[in-house]
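Taken from TrEMBL, the feature domain 'Phosphoribosyltransferase' applies to 7-208. The 5-phospho-alpha-D-ribose 1-diphosphate binding site annotation in TrEMBL covers ARG79, ARG104, ASP131, PRO132, MET133, LEU134, ALA135, THR136, GLY137, GLY138, SER139, ASP200. Residues annotated as uracil binding site in TrEMBL: ILE194, GLY199, ASP200, ALA201.
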Amino acid sequence: MSKVFIMDHPLIQHKVSRLRCTDTGSKEFRELVREISQLMCYEATRELPLEDYELETPIGTAVGKRIAGKNLSIVPILRAGLGMVDGMLDLVPTAKVGHIGLYRDPETLQPVEYYCKLPQDIQERDLFVLDPMLATGGSAVAAVQFIKDKGAKNINFLCLIAAPEGLKTLQDAHPDVNIYVACLDEKLNDHGYIVPGLGDAGDRLFGTK
Ligand code: PRP
Ligand code: URA
């Protein structure tokens, strides 16, 4: 079964609460998503393997550490996942960025794919799939399946708010994926929105609606 990490850091809890507020406008919303993504990136990269290398300091030689293997890749799910990209790149600026375009059909709640562009060597990289909202889990399950179909193996999923239903669906479909959640909420409503959630993440990020 996949490992689920619920972030309990006070800074994350504080910032997610601001994110939820109806009176938080798009500018502050974007800033908060970026900051929370940075903090989550710090936690989600904790297990990355390191290798030793020799370096010169002004005084002598030292054995340094660097991330082993290929750099990682981040894969935002369009559109709302875009809001998390800069926070990740702030800490891992050399990461390659793939994109998966999905939207949730408002009637059926099923994910509909409209775009997919991934780094060619994706199978050699540690992947971090980004989407602020894990609601029914349909979009996350489909996105992870796309990248698995391209050969990806080491996959992590990062979201800001999850519903228990979506978390279970993602775990059941992809038990090998580690899931990082800033806040686990109560439930979904009849329209597939997370309660209490924050509303429509894409609309709040980009000021649509
Ligand atoms: C939102 C969100 C997720 C999805 C979650 O995207 O960003 O991708 O819904 O719902 P699910 O877990 O039930 O699949 P949306 O479809 O609203 O598209 P957008 O990002 O373009 O606004
Ligand atoms: N997508 C969102 O943006 N918000 C929700 O609560 C559910 C799906």
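Using N, Cα and C of the backbone, Cβ positions are placed for all residues, glycine too.
Annotations in TrEMBL come from automatic prediction, not curation.
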* Structure fact -> With neighbours defined as other CB atoms within 10 A, the best-packed of the binding-site residues GLY137, GLY199 is GLY137
* By CA distance, which of the binding-site residues (ILE194, GLY199, ASP200, ALA201) lies nearest to ARG79 (5-phospho-alpha-D-ribose 1-diphosphate binding site)? -> ALA201
* Measure from the Cβ of ASP200 (uracil binding site) and count the other Cβ atoms within 10 Å, all protein chains considered. => 14
* Sorted by position, what residues of the same chain at least six away from MET133 (5-phospho-alpha-D-ribose 1-diphosphate binding site) have a C-beta under 8 A from it? -> ALA80, CYS159, LEU160, ILE161, ALA162, ILE194, GLY197, LEU198, ALA201
* **Entries of ARG79, ASP131, GLY137, SER139, ALA201 (binding-site residues) sitting next to ligand 2, with Cβ under 6 Å as the cut-off** => ALA201
* Separation of alpha carbons, ASP200 (uracil binding site) and ALA135 (5-phospho-alpha-D-ribose 1-diphosphate binding site) (Å) -> 11
* How far is it from GLY199 (uracil binding site) to ASP131 (5-phospho-alpha-D-ribose 1-diphosphate binding site), counting Cα to Cα, in Å? -> 14
* Sequence-distant neighbours of ASP131 (5-phospho-alpha-D-ribose 1-diphosphate binding site) in its chain (C-beta under 8 A, six or more apart) -> PRO76, ILE77, ALA80, GLY81, MET84, SER139, ALA140, ALA143, PHE157, LEU158, CYS159
* Structure fact -> SER139 (5-phospho-alpha-D-ribose 1-diphosphate binding site), DSSP three-state class -> helix
* Where the record names ARG79, ARG104, ASP131, PRO132, MET133, LEU134, ALA135, THR136, GLY137, GLY138, SER139, ASP200 as binding 5-phospho-alpha-D-ribose 1-diphosphate, the maximum Cα to Cα distance in Å -> 17
* To do: Check MET133 (5-phospho-alpha-D-ribose 1-diphosphate binding site) against DSSP and tell me helix, strand or coil, would you?
  => strand
* Structural state of ALA201 (uracil binding site), classified by DSSP into three states -> helix
* Asked: Between GLY137 (5-phospho-alpha-D-ribose 1-diphosphate binding site) and ASP200 (uracil binding site), how far is it from one CA atom to the other, in Å?
  -> 15
